[in-house]
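I have placed the structure first, in the form of structure tokens, so that the comments after it can refer back to it.
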Amino acid sequence: MKKVLAIILGGGAGTRLYPLTKLRAKPAVPVAGKYRLIDIPVSNCINSEIFKIYVLTQFNSASLNRHIARTYNFSGFSEGFVEVLAAQQTPENPNWFQGTADAVRQYLWMLQEWDVDEFLILSGDHLYRMDYRLFIQRHRETNADITLSVIPIDDRRASDFGLMKIDNSGRVIDFSEKPKGEALTKMRVDTTVLGLTPEQAASQPYIASMGIYVFKKDVLIKLLKEALERTDFGKEIIPDAAKDHNVQAYLFDDYWEDIGTIEAFYNANLALTQQPMPPFSFYDEEAPIYTRARYLPPTKLLDCHVTESIIGEGCILKNCRIQHSVLGVRSRIETGCMIEESLLMGADFYQASVERQCSIDKGDIPVGIGPDTIIRRAIIDKNARIGHDVKIINKDNVQEADRESQGFYIRSGIVVVLKNAVITDGTII
């Protein structure tokens with residue numbers, strides 16, 4: 001894999017994940033209590049022996065830069081690196097990234113200098129575990145110009161993805177990005193060609209692109225240079241290339257989830273607590289997911305009742321009830337709290353005992369969840385200060401609401417408390 005360069009697309013403004021992307025780039029959003037989204041594709045690369053990795057980003061990249069700099073330091077005796085390339089304006093190109101392909105095009109001058117055979121294009125907001133070596137091996141065996149990683153998909157979600165038709169050799173003969181109505185119906189295929197059983201094929205009659213591509217180096221350079229108006233891989237580059245290039249499909253038959261929306265992000269995190277077998281597990285010694293070593297003390301639970309939950313390191317929980325939830329590092333839950341079906345991202349720092357007591361004496365709210373608070377079906381972002389006897393339960397069953405001045409949003413019925421928000425004593429949401 002020394003001849004492969006990975007390019008992870010950091011995504012746009014992250015509007016579908018807002019407000020989690022208010023102060024951070026999408027790949028820097030915390031996941032599963034201690035990781036960040038960027039750790040997923042980077043770990044997949046490392047486990048696949050791909051060590052040349054660029055991350056392209058445009059918005060709020062400070063925390064992403066910090067995380068990558070602290071986490072992925074390869075030794076000086078290898079060519080390996082993980083580097084963030086932020087959007088920049090130049091005399092030749094005064095514009096920001098206009099799309100996924102344009103992001104790669106603007107850094108082509110740097111990427112084409114590498115002595116590699118393939119570019120591996122990845123997305124920064126997917127949850128999955130994949131050995132890219134098998135993917136690239138298939139690309140080489142079929143002598144493909146481009147290979148797309150694909151999954152079979154059902155009617156309900158089909159219009160959210162790029163869909164394709166393939167022939168018996170696996171070659172892509174038609175491609176349509178997020179079709180609707182009649183255009184969607186035209187993309188139905190017999191997915192038994194992918195090896196599905198007739199029953200599976202009946203329920204999943206579409207072949208969807210995962211947004212993961214391998215390009216021959218010279219093919220990508222040619223496609224990006226010859227038509228500057230093509231700014232997006234899914235909408236323009238791939239459909240046009242399918243007409244006159246050997247574009248192959250590679251079936252990925254394991255768990256994969258696009259967690260680019262609040263609802264999908266929430267569901268994917270809580271699914272990690274499922275018993276006995278969650279759809280995705282971080283407990284895999286063969287292909288671990290890496291992140292920053294924080295050197296935190298073990299979690300302390302004092303008279304707590306915890307069921308079906310994941311609790312990050314360095315947490316302090318006192319006489320509380322935690323059910324079907326994920327708690328991030330340094331979470332602090334006080335006496336009498338009840339946390340149900342919620343994702344708490346934890347905190348970036350500890351408040352010293354003296355400082356906490358001073359805050360309480362002054363009438364301020366310390367970082368963490370105050371006594372006798374109930375949180376149900378919510379996401380609590382980092383460093384939130386939630387007071388005494390607060391109820392975050394979406395009492396009116398609101399589906400969508402923007403209450404930034406009050407420290408929270410509601411998305412798909414899920415209450416999202418902002419990073420650094422203060423929710424005062426007795427508040428009912």
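Cβ coordinates come from backbone N, Cα and C, glycine included.
Listed in Swiss-Prot:
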BINDING   Gly162, Glu177, Lys178, Ser209  alpha-D-glucose 1-phosphate binding site
Intrachain C-beta neighbours of Glu177 (alpha-D-glucose 1-phosphate binding site), sequence separation six or more, cut-off 8 angstroms: Gly162, Asp232, Gly234, Lys235, Ile238, Pro239
Cβ neighbours within the same chain of Ser209 (alpha-D-glucose 1-phosphate binding site) - under 8 Å, at least six residues apart: Leu148, Ser149, Val150, Phe161, Gly162, Leu163, Met164, Phe175, Gly234, Ile238
Shell list (alpha-D-glucose 1-phosphate; ref centroid = CB of Gly162, Glu177, Lys178, Ser209; cutoff 8 A): Phe161, Leu163, Phe175, Ser176, Pro179, Ala208, Gly234, Lys235, Ile238
Of Gly162, Lys178 (the binding-site residues), the residue whose Cβ has the fewest other Cβ atoms within 10 Å: Lys178
Annotated alpha-D-glucose 1-phosphate contacts Gly162, Glu177, Lys178, Ser209, maximal Cα-Cα distance (Å, integer): 10
Three-state secondary structure, Ser209 (alpha-D-glucose 1-phosphate binding site) (per DSSP): strand
